Amino acid sequence: MLDFPRWKQTFYWLLAAVAMLASLPSLATFANLAWPSSLPRPEVNLGLDLAGGSHILLEASPDQVRRQRLEAMDEDVRQRLKQNAPDVRIGDVSTKDGTVSFMVEDAAQVDKAREAVLPLTSGAGVTGQRDWDIQMLDGTRIVLTPTQAGIDLAVSQAMDTATEVVRKRIDALGTREPTIIRQGADRIVVQVPGLKDPAALKSLLGQTAKLEFKLVDTTASQADIAQGIAPPGSEIVPYADAQSGGGAAAIAVKRLGGIKGDSLTNAQQTNDQRNNQPVVSITFDQAGGAKFAKLTTENVNKPFAIILDGKVISAPNINEPILGGSAQISGNFTTESANQLAIALRSGALPVDLKVVEERSVGPDLGADSIKKGGIAMLVGTTALAVFILFTYGRFGVYACCALIVNVLMILGIMAIANTTLTLPGIAGFVLTIGAAVDANVLINERIREERHRGRRVVQSVEMGYKEASRAIFDANITNVIAAALMFFFGSGPVKGFAVVLVIGIITSVFTAVTMTRMWVANWLRRARPSELAL
Amino acid sequence: MKLLKLIPDHTNIHFLRWRVPFYVASLVLMALSITLVATRGLNMGVDFVGGQMIRVTFTQSAAAPVAALREEVTALGYGEPIIQQFGKPNEVSIRMKLPEGSDKDAGLADAMAKRITGDIKVRHADVRVDGVDSVSGKVSKELGWTAFKALGLAALAVAAYIWIRFEWQFGVGALFALVHDVTLTLGLFAVTQMEFDLNIVAALLTLIGYSLNDTIVVYDRIRENLKKYRKMPLPELLDLSVNETLARTIVTSLSMLITLVALLLLGPDVIFGFTAAITLGIFVGTYSSIYMAAPILIWLKVTPSSFVPTESALEKQERLAREQS
């Protein structure tokens, strides 16, 4: 037990030295000292509760993705049959009960219709399942049912796109080091440190930014619109607010013949030259520009509605054909909201609506305060503890204290190397680990005392002390790791940070409090050959 | 240098003599805690019931004007807030229910936070807004459920570990001690009505870990002594084990307390409740490993033979083979 060959000693010291060195940049930061830029700089990240900033959990509704897929499939089926099997006449297309189904008028053509729509489905998942099941009903009806694998895949793809869009939007705000992670099947976690105005971020993320241009149906009477009755081929769309409608709450627009605003190459907040109101200038890509030119040429002097996320933001008149591929969106904007819309349009529409289900924002002052107080508490606590241990165990107390210092630096260093995050409860975990690390030394030293009292010789007492105490130390630490692991898996942000510190602390404290002190004690025993232990 | 010796050598306190009264007292306290938690309830934070929490500090005042604040916020028409001081008297958290319909329109919660903080800032010049937490009903339910799962699983997992390393009686004993510690801590939260949030769950999990620390040290010594003194009556043996580890128990508990008290008095105010929970847990955990975890072994009839190596499967095979031939 007390045999430490030179290579082993070198190895242990090397291990400790590397970890301790890695803690220096973080310590320099805490002490407000500059760290030379030529040296590597592993550093402990500060959690949002220490650095200040916002944590936002966004959730999408898989139902919406499901609905969108049905609608898209409805349209695809019609188009596909029109193009590839124009002689097949179909009717009664419906998207009820979560399926797309249609009648084939001539029963003899059912197989042909089936052949035609088959390429609309594709493989999903690893089991070779397809994303839609195609069945025939009563010999004349074809039913397309979305499979679970297909839905899962669609949701997953939608979330991937959404995450990308969210990233673009946050980058456009110019914040530093945002963290954007998909969580579970339908959630995205956004963490932005040092954010001043979380409200702006949230309204930006909450905006789906689905832009549409649709012709206004001028035949609809105000009374019908108010009752929600739309003329055939039209639909009622509400205004975004009372002001943009000029008193009206909703407007009727034609369902078909509109343009989607997803073919934009640019969007900027500008001011309208006539009245200096904030507007958003958009530029279409080539195909979009051509469509827009066609729409405006064919409908001069008619009003068209600019619809954002299912709400009309304005319904201006088309005064002249717009041929240049760029246009202005006017509406009831402030400079800020126009700028936000421009960012949202530039970064593309979200494939699903995202809503904020959890938000935690911490002001930067509180975090700085917490770091300062946590540091002081740690310094005072450690010093008081060291004094107590020194007075209780003398020389063995000195070893324990040295182990404590190495331990603190090692935890910090390993956290820096592993790029983990220090949170507020993490500081408490740190302090707690220090208290608990001493427990190992207490167990060992008490045991050595005991063995000595039983009349064992000095070297033998030390050896027995380490050996007998190790069993309890091992069991106790394993149970702590179990508790910490559960904290890690079930906890959220700050609690996770706490668990990480605990686990790192448990490992380093066994290394320092057991292995390192044993090495030091062994060296001392060999050198001084004491005949009595002051314990 | 004369060393500090808190516990004289050869201390022999008959701890186990009072096991019945202590057990009765503990069971009564546990029952009280459960009753309190059931009737008075825990002061659940937004983590578990959903809602919005705004934390503010009145930087120039000695104490926050809680009553005035309550009136002002109520006057805004979002319902009555729960206002609570934490850490220092000039720091308060204002908790609100989320406005109706905010699960559909997240902007409503934002608008509420903006109005409340705006109003407070206008009325009190020295207010510093330290943070806003909004948790929807759905997320808070999930957080509550995962917290419950984590606590339950942690308790069962460590009990199972002890069962494997020791004997089933020890596992039961450790589990009971754990339930005892967690129940009493919950009782404290019901009495003081300190806010119960996710951090406190982390504190409880830590508590489970460290309370077990103590229990394991005592159990380890009991196991050792069971092998060493096979003829010694169990109560006597338990007393011996507790006394032998008493110095360690006291020194370690004091070490933990020194750091925790530093954290309580000087540390960040936001984690006051968290630190308080762990500090209480150290006391309760130390007590329970002596008075809850140890005596239960008597009633569960632990015998020295539990730890005497018995015939292994291989040995049995060999013996049978020998007998046959």
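Glycine too: its Cβ is placed from the backbone N, Cα and C atoms.
As the structure is a computational prediction, the values presented were derived from the model and not from experiment.
Now, the feature entries from TrEMBL:
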- A:1-28: signal peptide (SIGNAL)
- A:159-217: domain 'Protein translocase subunit SecDF P1' (DOMAIN)
- A:248-352: domain 'SecDF P1 head subdomain' (DOMAIN)
- A:353-524: domain 'Protein export membrane protein SecD/SecF C-terminal' (DOMAIN)
- A:374-391: transmembrane segment (TRANSMEM)
- A:398-418: transmembrane segment (TRANSMEM)
- A:424-444: transmembrane segment (TRANSMEM)
- A:472-491: transmembrane segment (TRANSMEM)
- A:497-521: transmembrane segment (TRANSMEM)
Winner by Cβ pairs under 8 Å against the transmembrane segment (A:497-521), considering only A:374-391, A:398-418, A:424-444, A:472-491:
A:424-444
For the transmembrane segment (A:374-391), give me same-chain residues lying six or more residues beyond its boundaries with a C-beta closer than 8 angstroms to one of its C-beta atoms, as numbers and ranges.
30, 397-398, 400-401, 404, 408, 424, 427-428, 430-431, 434-435, 438, 441
Is the transmembrane segment (A:398-418) packed against any residues at least 6 beyond its ends, judged by a Cβ distance under 8 Å, and which are they?
16, 18-23, 25-27, 42-44, 382, 385-386, 389-390, 430, 433-434, 437-438, 441, 445, 500-501, 504-505, 508-509, 511-513, 516-517, 520-521
Per-region confidence, the domain 'SecDF P1 head subdomain' (A:248-352) (mean pLDDT, whole number):
84
